[in-house]
Amino acid sequence: MQCPYCQHTNSRVLESRSSEGGQSIRRRRECLNCKHRFTTYERIEFVPITVIKHDGKKESFDASKLLRGMVRACEKTGISHQRLETIVDDIEAYLQQRPQREVTTHEIGQLVLKYLREENEVAYIRFASVYGRFKGIKDFVETLDQLQEETISSPMSQWSKSSTRDRDQSQTSPCLSLTHNGSENSR
């Protein structure tokens, strides 16, 4: 490793640590020539993901651009910025694990909608309106109707409608709840 002070190429590692949740290694080094100490980081270099836009143009995947779009859709919905960053990280990790190095904006939009559907219906509609390029009220109404139909027919909504009534009639512990996959989970 080249010393940033004297440009000498020999240094010794004094200390190594895992950082950024195991995604990088931090190394403390000392130059063997000038004795200055400096820090280096070793990170995994991912193969870039190429995004194919609606018009066919291609550009590199930009997680910060995706985050900005989600932040705009989620303003005043109560979803924390940290949660949005986690969602973007999850989407990026999913895309990195795929063997395909190209992804369409449609696929990315579907992934975002899947997450936002679980987080907040208002954020879901806002994002869908931009991503889906809504042209008028009819597009909003169709999406709202579809969202309402999915909510009514989902197992969770059926459980939540009957759970209040059942809880009043039984002696079940209020700490027992259902997770998204329908299995019991105690908090």
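In case you wondered, yes, glycine gets a Cβ from its N, Cα and C as well.
Here Swiss-Prot flags 1-21 (among others) as region 'Disordered'. For the region 'Disordered' (1-21), the list of distant contacts is 27-34, 36-38, 40-41, 43: same-chain residues at least six beyond its ends, Cβ to Cβ under 8 Å.
Taken from Swiss-Prot, the feature zinc finger covers 3-34.
Across the domain 'ATP-cone' (49-139), the prediction's mean pLDDT works out to 91. Swiss-Prot lists 49-139 with the feature domain 'ATP-cone'.
For 152-162 (among others), the entry in Swiss-Prot reads compositional bias 'Polar residues'.
The feature region 'Disordered' is assigned by Swiss-Prot to 152-187 (among others).
Taken from Swiss-Prot, the feature compositional bias 'Polar residues' covers 170-187 (among others).
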